[in-house]
Number of protein chains: 2
Amino acid sequence: MTQKQQDVLASFRERIHKIQSYGEALALMHWDLRTGAPRKGMDVRSESLGVLSGAMFELSVAPELGEWLQTLEEKAAFAELSEIDQRLVLETRKQYDRSIKIPPKLFQEYTVLASQSESKWEEAKRDNDFASFQPYLEKVIGYTNQFIDLWGPGATRYDTLLDEYEPGMTVAELDSIFGGLRAELVPLAEAIAASPHQPDTSFLNGTFDKAAQRDFGLYILGQMGYDFAAGRLDESVHPFATGLNPGDVRITTSYLPNDVTFALFGTIHEGGHALYEQNIAPELTGTTLATGTSMGIHESQSRFWENVIGRSPGFWQRYFGEFQKRFPGQLNVSWEEFYRGNNVVKPSLIRIEADELTYNLHIIIRYELEKLIFNGGVKAADLPELWNSKYKEYLGVVPGNDSEGVLQDVHWSGGAFGYFPSYSLGNMYAAQFTDTMEREIPDMWEQVSRGELLTIKEWLGDRIHRFGKMRTPSELITSVTGKSLDPQYLVSYLKSKYSDIYRL
Amino acid sequence: MTQKQQDVLASFRERIHKIQSYGEALALMHWDLRTGAPRKGMDVRSESLGVLSGAMFELSVAPELGEWLQTLEEKAAFAELSEIDQRLVLETRKQYDRSIKIPPKLFQEYTVLASQSESKWEEAKRDNDFASFQPYLEKVIGYTNQFIDLWGPGATRYDTLLDEYEPGMTVAELDSIFGGLRAELVPLAEAIAASPHQPDTSFLNGTFDKAAQRDFGLYILGQMGYDFAAGRLDESVHPFATGLNPGDVRITTSYLPNDVTFALFGTIHEGGHALYEQNIAPELTGTTLATGTSMGIHESQSRFWENVIGRSPGFWQRYFGEFQKRFPGQLNVSWEEFYRGNNVVKPSLIRIEADELTYNLHIIIRYELEKLIFNGGVKAADLPELWNSKYKEYLGVVPGNDSEGVLQDVHWSGGAFGYFPSYSLGNMYAAQFTDTMEREIPDMWEQVSRGELLTIKEWLGDRIHRFGKMRTPSELITSVTGKSLDPQYLVSYLKSKYSDIYRL
């Protein structure tokens, strides 16, 4: 490598590092807004967020960065780069090309709009008033369409959006995957609904001490191998995980006094996200590769821990006794009954409250609506009716109002179109990873039933976490499981689990 | 104003606003580090802080800012500026000239050094090992001397440092003020020590519930008019207040289980700082004028609330009953005894534990040592011995080791030379403000004894807080009290209060 190339590499790395530093500040500002920032500071905070994210954007689209990329992409120079630097160049190029196509003024307008639109959505949801939100949603769709035009549409316009959250994923592939999934899940859900063996859930009613809920959540995080010296657990309206840096991966949960497992499953879910970010190889620290490789893979980690482990019989065989002790006199059932009571499948209106089976139908509905918006020209005004008719068709339930219908999710208000499929992809990846794990750790479920969760944590760290963005989602699933993504693993997992619970 | 001048004014204001946004992010990052950021994230966090503070510095020394200032300083243009913009130009010019003289490379070296030096200090204090810290302190002094050379020394070299924290204050003035103060306080402290009427403090021993301490602190903050929608109370090793923006002014305190008022007085103190920042006129928001006008005036607000109000007889007459109830069976004394027990004057080794009288002697010692360093060529190596001999001379006590001597304060490790005098200036300003307040609110103390603290809060807001940096410290003290700073108000206040308590 020539001296000039070496200098360019150093400047390039420094810039990436600088951008990461802005990212850390912004992540902290967002975390703070959601965990207790004073209300009256929000306006100025929003402006500060705008200033810093604008500066971060400028750093990431600066002409010199384009020149450095060109230098490092020259065949001879690229060949001499370390594997990490090669990935970093590829990843940066992708983001650079995406970002450079958006005029800064347009981006800034959009940032302001997205922020206003999120506030409007919050009010509209509270007041059950879609009409007041509709013009904002229409505008957000309009900007997103402009971005698609600027980026250049993929095989379809919606492909361009998908690629942002799940690199390499296409509408063609998702149509096939979701088509297959839907064909299997709808009849399975119907069979479950028709079963005479419905689990008892009455013992889940009551008022459950919040401190005890929190204590048990902290205990389970410890069992999972969450590193408290590299994170913390807080409370927020909606649970989330955020990695400020690999040594600072925070999670939150939300406590419902009348639901004894809501906070716990939220904690386990976010803990799964956090384990991913905490266990990325240290040599990726300070680069854009030190994060999950896609939203779908990220969700696979949270959903694996929440559903595959946290809602498994082995888990409750081991932990129910301790859980029960925290709520004296309140949970007078066996661990088997408790396990079954926490695995009720029932079509419902609200995605985030859905069980792990029908959840996927909620996602398929959103996926189909997003395709209709960007590939089918559907307008914001049409969405409430389309939403309701799809819920009737796939889940057999109809929202009584828009707050529990089309207004329920924040995603669209902030322009996160293409994000929803990640959730179901996560379920599918998780099931496929589990299949491999069960073969590679033959006594895995015995270990779970003894509370030995660290073997699993290590396996995930070794096979998935440490790579960060060094492997694409499809490279990862193939290298770990030997196969590309196949929805049949999820179908088999759900059939097996729920045939047992509902004695189908 | 010409179109060009108007454009320049707009650019100038936008830049100031941008710098404030960086400041908010940095303040949040520091707050977070002190209130519970995970340990393992600290290294990366330090780097991120370095990146952002570097970027903020670059914004504040950029050549275009110098050009904008020149344009706005032209006589005709300046005359047409609003009063706020005029102050903003003057203030920015001052900071710009100060910063522009420091080469960026030197500033960055210094930032890294200061951060290392603070870490080293922490270890050295813990291990009682001044020798390991000495080379760092020597380097920090060296850099500070370089800065003085670059800024250009004032009447003396140390004047240049003083001006940073207390604009307009000089060694000549402080020598006279501190000289007078010392001459009065040393004999007063001696008379107090010789008094046979020493307050009983035995009831202060015990183990006091932390939640009850916290609850009472929150209650008193409310009584003071602290706006919880524009702030929050957290816990940290050392209490502090930080204004992220005028709608987000946070405070922390520290709970000692065996000291029932330590956390409370810390809370009141930081609450006093916070009231200042919360009540700055809204039209200054987003400018560098939206903060306290000097460290000394800031300390006057915290010390006024902590000592003048919080340690007054009226305060405890009103609140002791409620306080007592929070610690059932533990504080079996009258409010008068409790008041006296919380106003013990006793020479001691540790500044932050000192009473409000001898505290000033701790400050005078530091002031004299700082003068010796920068005006007298004293080296870091000489400080421990000088420290100990001054403690013996002024306070009659000698540290048993450097941890309770020269190593006790963080300030010097981070290069904050010139800061210490602010604390005593705060006491003096507070006493002088109080004198005016007592004349303008004749029934002030009756109001305190009825728990009507909001009159005082409003008075401070109206006479001091709202101006932010629109008035210099000397303009402020003169406009409020009709006189320039005079230490005799503090002397009279202390003599009167302690003559009563100790029956001198």
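Yeah, the Cβs are placed from backbone N, Cα and C, and that goes for glycine too.
Feature list (source: TrEMBL):
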{"type": "ACT_SITE", "residues": "B:GLU270", "note": "active site, proton donor/acceptor"}
{"type": "BINDING", "residues": "B:HIS269, B:HIS273, B:GLU299", "note": "Zn(2+) binding site"}
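Sequence features annotated in TrEMBL and their locations in the structure.
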residue  : record                             : contacts (Cβ under 8 Å, 6+ apart)
B:HIS269 : Zn(2+) binding site                : B:PRO239, B:SER302, B:ARG303, B:TRP305, B:GLU306, B:GLY310
B:GLU270 : active site, proton donor/acceptor : B:PRO239, B:PHE240, B:ALA241, B:ILE251, B:THR252, B:THR253, B:SER302
B:HIS273 : Zn(2+) binding site                : B:ALA241, B:ILE251, B:GLY292, B:HIS298, B:GLN301, B:SER302
B:GLU299 : Zn(2+) binding site                : B:SER422, B:TYR423, B:LEU425, B:GLY426, B:ASN427, B:TYR429, B:ALA430
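Neighbouring residues of the recorded Zn(2+) site, listed in sequence order and excluding B:HIS269, B:HIS273, B:GLU299, comprise B:ALA241, B:GLU270, B:GLY272, B:HIS298, B:GLN301, B:SER302, B:ARG303, B:TRP305, B:GLU306, B:GLY426 (Cβ within 8 Å of the Cβ centroid). According to its DSSP assignment, B:HIS273 (Zn(2+) binding site) is helical.
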